Amino acid sequence: MLPFFPEPSLSYTQQNRTAVLLLNLGTPDAPTAQAVRPYLKSFLTDRRVVELPKWLWYPILHGLVLTLRPKKSAHAYEKIWFKEGSPLEVYTARQAAALAKRMPDLIVRHAMTYGNPSVADVLSELKAQGAGRLLVIPMYPQYAASSSGAAVDKVCEQLLLQRNQMSVRTVSRFYDDTGYIDAMKNHILRYWAEHGRGKKLMLSFHGVPQKHHDLGDPYPDECRHTAKLLAEALELTEDQYVVSFQSQFGRAKWVTPSTQDLFGKLPKQGVTELDVFCPGFLADCLETMEEIALMGREQFYEAGGKSYRYIPCLNDNPDWIDALVALAEENLGGWR
């Protein structure tokens with residue numbers, strides 16, 4: 001077996017193109033237990049995601065999680081699946097297509113850290129198209145080792161197999177990027193103008209285990225800074241918004257406050273009109289459409305809430321595409 005992949009037979013000038021890769025988390029190929037299981041296995045065996053010794057984690061993963069969770073997750077995916085496929089895949093593809101239209105001199109593709117289109121397949125395609133320089137934009141404004149770090153790991157794994165390695169730049173974070181903040185502000189204001197506005201805005205970010213933060217992961221701090229900048233842009237007072245963290249998994253302690261806990265507590269504190277937006281998610285997916293838009297609504301109403309609005313993610317919003325173009329241009333530097 002060859003230690004490196006064969007390289008395409010291209011001249012130097014043919015291998016001098018620049019590519020941009022939008023890299024998101026991933027999704028199963030279908031809303032079925034059979035498709036969800038390998039996706040979850042790929043995700044939950046990543047050392048960046050679960051920082052436990054294999055001897056401890058793998059019996060739990062294979063004996064319980066991969067036995068029970070695929071069917072439950074598949075049912076959740078069924079609720080939000082589009083005719084074109086997974087919402088995360090559909091929206092990320094649209095973002096890449098919009099970026100490609102705005103930057104026609106570049107090769108623009110998207111890939112998933114777990115699932116399809118895979119990083120391995122997309123990088124092979126880029127090499128075949130003559131890409132010698134690659135800008136990787138993990139689609140996570142706030143850096144976390146379990147998301148941004150894992151995404152870059154996948155790219156580096158492929159670099160290890162390239163005989164003629166591409167030059168690579170990565171965008172590790174953009175939690176305070178002006179274009180990103182402005183795009184969210186405009187998006188929320190337009191939503192409020194069309195659908196009305198609740199008494200409080202919840203800014204819900206994906207959670208991480210508290211231990212990750214204790215060991216130096218900056219993610220929770222960057223989330224709170226994003227929330228502060230967005231609240232200032234929206235001219236909100238401190239009592240008009242709340243920051244929370246969702247999607248806890250397992251028994252470990254996670255960063256707080258929990259989004260799910262607040263759904264139960266806020267109505268009892270007199271907050272019966274709630275709007276929810278997820279700044280850390282750039283494309284709607286299972287965690288936003290099912291966990292927040294559907295399940296969150298049920299939890300809030302069961303606790304006594306009267307009005308609940310889920311504000312969709314930026315997705316392919318034109319203001320966000322403008323910000324994405326600017327972000328790419330800034331990080332491409334002399335590569336264009």
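Note that Cβ sites are derived from N, Cα and C of the backbone, with glycine treated the same way.
Note that the coordinates shown come from a computational prediction; the quantities given were computed from them, not determined experimentally.
Here's what Swiss-Prot has on this protein:
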BINDING   His206, Glu287  Fe cation binding site
Suppose we draw a 10 Å sphere around the Cβ of His206 (Fe cation binding site). How many other Cβ atoms does it contain, all chains included? 23
Same-chain residues at least 6 apart in sequence whose Cβ lies under 8 Å from Glu287 (Fe cation binding site): His206, Gln246, Ser247, Cys278, Phe281
